[in-house]
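Data block below; observations after.
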């Protein structure tokens, strides 16, 4: 295939993918204008709200067990309120995608999330999700002259006009390395707000630290208990200052999985905590389940369902009822029935009827009937309507879907005909592509795609023309890779190598040191003394700076490191800070500078290598040295427990230096999954996306670092094909054309499937990411091949 046709087809694939995504993830159509009271508006307008003030405390990623289960919760003060009846607790189901932006939309508008919001969630300067023109709980508060103050996650300030707030102070939501200052910047406002309660009617606090701890160390991080106690003390500080006319609501916007990530649809991610706090509640009856329970609950539930379960969007009509506001027009929520007790019976009946008529307007053709229906009957009917609305919350753009799919089919036919040949390599490529394409029609195969890649990789290895001894070595290496991490979304195994090494830190860290040194070996192969000296200095600085950073990073995150490496890191930081008495608490100050020094050394090393080749005509092992610099970057962007996998990679490449394109394709995909990646947004790793980034968030820098950290193993194996012929490139392009075509057809055919948003949509996003990855790697391989 000619070069021009290759680039035309590569461009056509990207255009087709983004056209299809544009049709599959359109902006949701919403009802315009603000809502008004529907049933007996004169009675409702004349009624007084149950509460005069609201304190809304959002603790990001507060999973239900963090509040209600004994082994996972340290909210001692809140537990006391739950047991005394002054607090009513619920497990609030948060619809996927379980990331902050769509969940905040859900708890303020009551509407179902748009999957596109999960992507926009990482765009710091995005304004397309603004709710200025959409009816919401905050807009109703503003319209009815409630004074609102806000402190916390600045996502709120992107969603709502600043004129909604009398006072506000936003904190950055994506600098996940920080889980102390980000919460202190919220709590420091609390004393003043409590002393000047006349200055506000609604106080919103959004804490991010717990979520950041989850991203860094998982749901069982040893930082969790202290963070729980910190949040509990904030709740106590506020609750003891407010009176009976103030309602306090504590909730999580979503939960998290055991790895501390979120975005998917697992029980841990969708089960958020919710609690209503007021001294008045003691006079009424909480849910039957709460009355028969003692909080914290002894037994741990694998589905994270504690106390009574409600929909998270039910908060919207419930708060609207308690503050006598019209329910936002697009709300799909249903009033939480226990809280109806706080209203006079006649007014409570009116509020339920109002909720019923408002909800039925969202379902075209539904005949609303109020006559002779009790409040209980209406609530039950509303929950059925709510369920059906959630299933049909998206309007697809079929024109874009058709164009995107048609372009993919045309591209697939062209690249298949052009590449056609009766060779083993071609048959292996087509067989792999067809097998993966068929799997796109089954949600379980998408969730467990790593199983398919494992089977294909082993099959391709057995067909390779290498000695049995080499096959045995490669097979052993692949088995170690296979058993290193938990992969997929369905099963979690306790005895994986990743977990075992974490409990044997000395073995882990000395393997890490050996891995860093092995990556630098190409620098030691030189022809003359001057080249040898420059190479030795380069590899020394690269290895020392990267190892030092990873050790410091581990110490700051509370991970154990061998005493010798601990002392080395402490002395390194003492030298940098010019402070001989530096302690462990000072190490965090060195993280950003050390990472930046490392990246600067990488840049200088590349410049020196290019200078020596083109100016001094000294280019011994030039390509491998450039690849070594890239590998050092990949190691820095990899979690400490996964770094030894690169040592296995180095062994495999030395055993099979001439890797075939199909085997490289298999390894790119297999290692992506075996590093812990999946087809769920929940496993997008942000931990290393901030290496060298200060609190001045830069989405482009973070985006590149996030790309490197999530695709590090795949990048390694893609770079194994230098130089790469256009025949090899087109075979890879053919694979992604075939699988992409099947995925698009599957998404259209299964657009009303139960798992369309939790399985197929994330897979489509990952496919788009893989398409971009291929373009980037193609450019990088071409550039390195020229050098």
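Glycine too: its Cβ is placed from the backbone N, Cα and C atoms.
Other Cβ atoms within 10 Å of the Cβ of residue 33 (N-linked glycosylation site), summed over all protein chains shown, number 9. Summarising the annotation, Swiss-Prot assigns N-linked glycosylation site to 33 (among others).
Summarising the annotation, Swiss-Prot assigns N-linked glycosylation site to 185 (among others). Neighbour count (other Cβ atoms within 10 Å of the Cβ, all protein chains): 18 for residue 185 (N-linked glycosylation site).
If you look up Swiss-Prot, you'll see 397 (among others) marked as N-linked glycosylation site, on the strength of sequence analysis. Counting every protein chain shown, the Cβ of residue 397 (N-linked glycosylation site) has 17 other Cβ atoms within 10 Å.
Residues or ranges marked as N-linked glycosylation site by Swiss-Prot on the basis of sequence analysis: 485 (among others). For the recorded site, residue 485 (N-linked glycosylation site), the DSSP three-state label reads coil.
Look at Swiss-Prot and you will find 581 (among others) tagged as N-linked glycosylation site, backed by sequence analysis. All chains included, 7 other C-beta atoms sit within 10 angstroms of the C-beta of residue 581 (N-linked glycosylation site).
Annotated N-linked glycosylation site per Swiss-Prot: 617 (among others), in sequence order, evidence recorded as sequence analysis. A 10 Å cutoff on Cβ-Cβ distances gives residue 617 (N-linked glycosylation site) a total of 7 other Cβ atoms nearby, all chains included.
Swiss-Prot lists 669 (among others) with the feature N-linked glycosylation site, giving sequence analysis as the kind of evidence. Following the DSSP three-state reduction, the secondary structure of residue 669 (N-linked glycosylation site) is helix. Non-local contacts of residue 669 (N-linked glycosylation site) by the CB criterion (under 8 A, 6+ apart in sequence, same chain) comprise 453, 714.
The transmembrane segment annotation in Swiss-Prot covers 400-420 (among others). Counting only same-chain residues 6+ beyond the ends of the transmembrane segment (400-420), those with a CB under 8 A from a CB of the stretch are 1, 5, 9, 12-13, 15-24, 426, 430, 727, 730-731, 733-734, 737-738, 740-741, 744-745, 748.
If you look at the transmembrane segment (426-446), the same-chain residues 6 or more away from its ends with a CB under 8 A from one of its CBs are 416, 419-420, 452, 456, 460, 463, 490, 661-662, 665-666, 679, 731, 734-735, 738-739, 741-743, 746, 749-750, 753, 755, 759-760, 763. Residues or ranges marked as transmembrane segment in Swiss-Prot (evidence: sequence analysis): 426-446 (among others).
What Swiss-Prot records for 455-475 (among others) is transmembrane segment.
Annotated transmembrane segment per Swiss-Prot: 504-524 (among others), in sequence order, evidence recorded as sequence analysis.
According to Swiss-Prot, the feature transmembrane segment maps to 536-556 (among others).
Taken from Swiss-Prot, the feature transmembrane segment applies to 591-611 (among others), supported by sequence analysis.
Cβ atoms under 8 Å from those of the transmembrane segment (629-651) belong to residues 473, 477, 480-481, 484-485, 498, 501-502, 508-509, 511-512, 514-516, 518-520, 542-543, 546, 549-550, 553-554, 559, 595, 598-599, 602, 605-606, 609, 671, 674-676, 685, 687-688, 691, 705, 708-709, 712-713, 715-717, 719 of the same chain, restricted to positions at least 6 beyond its ends. Under the heading transmembrane segment, Swiss-Prot lists 629-651 (among others).
What Swiss-Prot lists as transmembrane segment is 671-693 (among others).
The annotation transmembrane segment is assigned in Swiss-Prot to 699-719 (among others) on the grounds of sequence analysis.
You'll find the Cα of residue 617 (N-linked glycosylation site) roughly 57 Å from the Cα of residue 397 (N-linked glycosylation site). In the three-state DSSP assignment, the secondary structure recorded for residue 185 (N-linked glycosylation site) is helix. The glycosylation sites recorded for this entry are 33, 185, 485, 581, and the Cα of 33 lies nearest to that of residue 397 (N-linked glycosylation site). Ranked by Cα separation from residue 485 (N-linked glycosylation site), the glycosylation sites 33, 185, 581 are led by 185. A Cβ distance under 8 Å defines the sequence-distant neighbours of the transmembrane segment (671-693), meaning residues of its chain 6+ beyond its ends; these are 97-99, 118, 174-177, 215-216, 257, 259, 261-264, 266, 269, 446-447, 449-450, 453, 481-482, 484-489, 549, 553, 592, 595-596, 598-599, 636-639, 642, 645, 649, 701-702, 705-706, 708-714, 716-717, 759, 762-763, 765-766. Within its own chain, the transmembrane segment (504-524) has Cβ neighbours under 8 Å at 532, 535-536, 538-539, 542-543, 546-547, 550-551, 559-562, 565, 621, 624-625, 627-628, 631-632, 635, 640-641, 643-644, 646-647, 650, counting only residues six or more beyond its boundaries. Residues 13, 16-17, 20, 24, 96-97, 115, 264-265, 391-392, 396, 401, 404-405, 408-409, 412, 436-438, 440-441, 443, 446-447, 679, 767, 771 of the same chain lie 6 or more positions beyond the ends of the transmembrane segment (740-760) yet place their CB under 8 Å from a CB of it.
Residue 33 (N-linked glycosylation site) sits 63 Å from residue 581 (N-linked glycosylation site), taking the Cα positions as reference. Between the C-alpha atoms of residue 185 (N-linked glycosylation site) and residue 581 (N-linked glycosylation site), the distance comes to 29 Å.
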